[in-house]
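Here's the structure we're looking at; comments come further down.
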Amino acid sequence: MLKKISFKKLELKPELENKNESTIIPCAPKELLLICPKCKKTLLKSELADNLDVCRECGYHFRISARKRIGITVDNETFVEYDRELRSKNILNFPGYDEKLKTAIKENGENEAVICGIGKIEGFECAIFAMEPFFMMGSMGCVVGEKIARLFELATDKSIPVIGFTVSGGARMQEGIMSLMQMAKISGAVKRHSNNGNLYVAVLTDPTTGGVTASFAMQGDIIVSEPDTLIGFAGPRVIEQTIRRSLPDGFQRAEFLMERGFLDSIVGRNELKKYLGNILMLHNVEAR
């Protein structure tokens, strides 16, 4: 039930105040509204959720959790999660890492920055992973790499496609070189999956950067992106500081990359499930 909207009197300067009138403005609770960062319009959170967290005014795609991503993409009651119990450890005794992990687990309710499993999309069975942007910015550590590599190996054994939703700030610095090794490990699993004639569709969401972009995010047979997704290795500011030149408008955004052949398609969130279902159908995946 919605809370009763409160009002407060607008304080006016003496020279502007009308003795016979009082002015009031609505003061809505913060839990009901938010501001779109792109068009600056005020949005009802309930209406935004009904539209899959896409702004109806400008089409801005808000970031969503991995659990919600799977919920809006996979057919009801078909998803079976794998390796949920795996958790990262502070193998390098990096200062503050244990506390960051505990906080991330408590705030997100997830054990790691990726969810992996098998389900159906429009009736077609596939392996699915979705990275979690709210768990240490979707950073890739040993457990993230292990879970995704295991999923590709499982998909290879079952001869089913993989649909992967990427969102990440890159390799997890608290795990040092071990996090970078996950790039090679996952890439090897992707290659074996491909060598067996299986399909891999990578869906890039905002932002997909760092070691994730430099490995499995760009290894898909078909590479799709949501609109206006930031895709790159180093960030724009780092590049500008390095080359000491201004970057072109839209640099590293999905539309910029699409024009230059790095992407196969840009698909809005509302159309994505149907789009993926059509791809699975066209690649002769048996519906069950």
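Backbone N, Cα and C atoms are what each Cβ position is placed from, and that goes for glycine too.
Summarising the environment of Cys55 (Zn(2+) binding site), the number of other Cβ atoms within 10 Å of its Cβ, over all protein chains shown, is 19. In the three-state DSSP classification, Cys55 (Zn(2+) binding site) falls within coil. Feature annotation from Swiss-Prot assigns Zn(2+) binding site to Cys36, Cys39, Cys55, Cys58; the stated evidence is sequence analysis.
As annotated by Swiss-Prot, domain 'CoA carboxyltransferase N-terminal' applies to 32-288.
The zinc finger feature in Swiss-Prot is assigned to 36-58; the stated evidence is sequence analysis. Within its own chain, the zinc finger (36-58) has Cβ neighbours under 8 Å at 64, 68, 72, 268-270, counting only residues six or more beyond its boundaries.
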Entry from the binding-site residues list Cys36, Cys39, Cys58 having the most other CB atoms no farther than 10 A: Cys36
